[in-house]
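These notes concern the structure reproduced below.
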Amino acid sequence: MSDSTIRTYSSDQRQTDNDETVSTPDEDVLTCPECGGQVIDDEEHGESVCVDCGLVVEENGIDRGPEWRAFNSTEKDEKSRVGAPTTNMMHDKGLSTNIGWQDKDAYGNSLSSNQRQKMQRLRKWNERFRTRNSKERNLKQALGEIERMASALGLPKEVRETASVIYRRALSEDLLPGRSIEGVATAALYASARQLSTPRSIDEVANVSRIDEMEFKRTYRYIVRELSLEVAPADPAQYVPRFASDLDLPDEVERRSRELISNAQADGVTSGKSPVGLAAAAIYASSLLTNHKVTQSEVSEVTDVSEVTIRNRYQELLEATEAAA
């Protein structure tokens, strides 16, 4: 008797649920306030329109879909801007997970000794799974080296990203055999800074690198040639803002320095000259011309250019300016 009652109730309940399920869509259908007809959404025009009388019930509707079109799944994945952010500065592009170094649980409580040992083992295995082969270990080491040098040189994120892409290209085209990881990473960072008009001198990059300057120059020429990188000659004017800022000089000095360099370029004086030396001499000359005097030794210390070079380029800049006048 009891079982029969239960079965009967369950059957009635299922029938009631089915009735509710069937009736739910009818409640969601919009009806026209004028004629009671069905209202449809015209997504192309952003309007809700009655199919019977043509009344526009709503207009300027919000299009909640993407503004781009994709014709296959590959295009959809490439154009989509949702999901976890990716970056070329990590060997796995930031798609894997990390186990935090803090030995605390979700509530901020310290872990016991056994739990700490367990987490240490998990971190070790997690790191091994993230770098499963020698190629990934190579990439991880190189990208870490790029990040270290870029941080020491004060280079922005865009330069680091581009340097990472250059290194990945060198790795994929098998350009590393016979060359050190540090050498290719240094060359990639220097080329990236040149491409994005945030140059650093060869001496500056060599000072933060773990390789000697000769290997750095040789590897840089090789990478640029093999990857067909478009690297324009360094413009001395690109160094001026940084040097002027380091010397705490006003905008007037920076503006005058650019004029001196422009005159020298028009006169052909800059050909074959170090851009850093020309920028240092322009800063020194413009500071004297605008009565914001700095000594040659101060400019030399900031720019890492010898005082002899500053004096020689200084004379050439003044001669070019006089010729332009």
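Each residue, glycine too, has its Cβ placed from N, Cα and C.
The Zn(2+) binding site annotation in Swiss-Prot covers CYS32, CYS35, CYS50, CYS53 and rests on sequence analysis. Less than 8 angstroms from the CB of CYS50 (Zn(2+) binding site) sit CYS32, GLU34, CYS35, GLY37, GLN38, VAL39, VAL57, each of them six or more residues away in the same chain.
Taken from Swiss-Prot, the feature compositional bias 'Polar residues' applies to 1-13.
The region 'Disordered' feature in Swiss-Prot is assigned to 1-29 (among others).
The feature region 'Disordered' is assigned by Swiss-Prot to 73-93 (among others).
Sequence annotations record features per position, and here Swiss-Prot assigns repeat '1' to 144-227.
The repeat '2' annotation in Swiss-Prot covers 238-319. The helix, strand and coil residue counts that DSSP assigns across the repeat '2' (238-319) are 61 helix, 0 strand, 21 coil.
Residues annotated as zinc finger in Swiss-Prot: 28-58.
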One finds that other Cβ atoms within 10 Å of the Cβ of CYS32 (Zn(2+) binding site) number exactly 18
For CYS35 (Zn(2+) binding site), just count the other CB atoms lying within 10 A of its CB, please.
-> 13
Cβ neighbour count within 10 Å of CYS53 (Zn(2+) binding site) | 11
To what whole number does the mean pLDDT across the repeat '1' (144-227) round?
-> 93
